[in-house]
Amino acid sequence: MAKAIKKVVLAYSGGLDTSVILKWIAVTYGCEVVTLTADLGQEEDLDGVDAKALRTGASRAYVEDLREEFARDFIFPMMRSGAVYEGRYLLGTSIARPLIAKRLVDIARAEGAQAVAHGATGKGNDQVRFELAVNALAPDLDVIAPWRIWDLRSRTDLTAFAEQHGIPLSTSSKQYSMDRNMLHCSFEGGELEDPWCEPGPNSHVMAVPVEQAPDTPEYITIEFKKGDAVAVNGEAMSPASIIRTLNTIGGRHGIGRLDMVENRFVGIKSRGVYETPGGTVLHIAHRDLEGICMDRESMHLRDQLIPRYSEAVYNGFWFAPEREAMQAFIDKTQETVNGTVRLKLYKGNAYPVGRTSPNTLYCHDLATFEDCATYDHADAAGFIKLQGLRVRGYAQRVKKD
């Protein structure tokens, strides 16, 4: 780093890693450290985390409730796109990083800091997500990533450093490396590093094991306006409240469990177990509503963008021009995605069983198997003949041998 670092803003959880990082940055750079702890609905008690940061050496500690902004400006736009990474993962961790990075930059500007810092390791995707976001929002800021530069290599090293510098240690131990926010909870490490090993019971936090789900189905309705959920069971709610409500409902039915080996952006295959109960229900309902009120060609074109959009989110390009351009097109397609979906929740599944929309493109007279005057079956012959010109010509010229 060419310029002098006098103040750093650190993404701080209050755990061992970021507490050690806080002290390490202060000692190594001889600079002031400001912390940001973001409440993204992770259901953790954040009382006292600011006091711990100050005791560990921070000059100022921000603890911010970002739940509504997270749901409104990050989760919901992503949900409108139908994003799903590698056909399975609903991007619960990925979508949280841009908001944290944005707030790091905002605070760095307000505090006159020269750098921001994070606690992501050198093997994971999060380091990329944080730093690409900072690059996009504040290219002049330096980024400090201690895990890539310090000589602390293990939990034992971290613990020794903490004891040496009087950093309070938690006595609890975790079976897995967990990351949670209002959209999902992820589990990695431990026994999960063996891809053949079934996840243990401690990997159930947001959703019950499907064997323990009720034996009776539950019916719910979700109302959408312009692709965003606005009400559950007829009750209007804020974006964050909708996610929380669907987490509770979907979680008790064991919905949203995923166990997969995915391709990290850094080139490593990684096994993760994810719980996304509310997001899964929302994803299924949204997709179903599109079927009745979204133009076919618009839908198919949008569907071609889903893998690319999902990769942009997963790889950390939320603030990149291509993601913003795709979002503009997606949002245009969502202008008519208005209506209500009825779902049946049962034993780990969410089944759409009804849908209605003021913008419906479904025409009963055209779709019915009964005789009607609207559709002339004879018209199909000319349509098929014209559609067959290309393949008939190919067969006559290329396949004649």
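Each residue, glycine too, has its Cβ placed from N, Cα and C.
Note that this is a predicted model, so its numbers are computed, not measured.
Per Swiss-Prot, these features apply:
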- Ala11, Tyr12, Ser13, Gly14, Gly15, Leu16, Asp17, Thr18, Ser19, Ala38, Gly119: ATP binding site (BINDING)
- Tyr89, Ser94, Asn125, Arg129, Ser177, Ser186, Glu262, Tyr274: L-citrulline binding site (BINDING)
- Thr121, Asn125, Asp126: L-aspartate binding site (BINDING)
- request: Based on DSSP, name the secondary structure state of Ser94 (L-citrulline binding site): helix, strand or coil.
  value: helix
Query: If H, G and I count as helix, E and B as strand, and all else as coil, what does DSSP give for Gly15 (ATP binding site)?
result: coil
Query: Where's the emptiest Cβ shell within 10 Å among the binding-site residues Ser19, Ser177, Ser186?
result: Ser177
Query: For L-citrulline, with binders Tyr89, Ser94, Asn125, Arg129, Ser177, Ser186, Glu262, Tyr274, what's the maximum Cα separation in whole Å?
result: 19
Message: I'm trying to understand the geometry here, so how far is the Cα atom of Asp126 (L-aspartate binding site) from the Cα atom of Ser94 (L-citrulline binding site), in Å to the nearest whole number?
response: 8
Query: If you measure from the Cα of Asn125 (L-citrulline binding site), which of the binding-site residues Ala11, Gly15, Gly119 is the nearest?
result: Gly119
- prompt: Do any residues at least six apart in sequence from Ala11 (ATP binding site), in the same chain, have a Cβ closer than 8 Å to its Cβ, and if so which, in order?
  reply: Thr18, Thr35, Leu36, Ala38, Ile100, Leu104, Val116, Ala117, His118, Gly119, Phe130
- prompt: Using the Cβ centroid of Thr121, Asn125, Asp126 as the reference point for the L-aspartate site, which residues of the same chain not in that list have Cβ within 8 Å?
  reply: Ala120, Lys123, Gly124, Gln127, Val128, Arg129, Val266
Task: Going by Cα-Cα distance, pick out whichever of the binding-site residues Tyr89, Ser177, Ser186 is nearest to Ser19 (ATP binding site).
output: Ser177
- line: Cβ contacts within 10 Å for Tyr274 (L-citrulline binding site), all chains included, total 28
Task: Using all protein chains shown, find which of the binding-site residues Gly15, Gly119 scores highest when you count other CB atoms within 10 A of its CB.
output: Gly119
- prompt: Quick one: Cα separation, Ser186 (L-citrulline binding site) versus Asp17 (ATP binding site), in Å?
  reply: 18
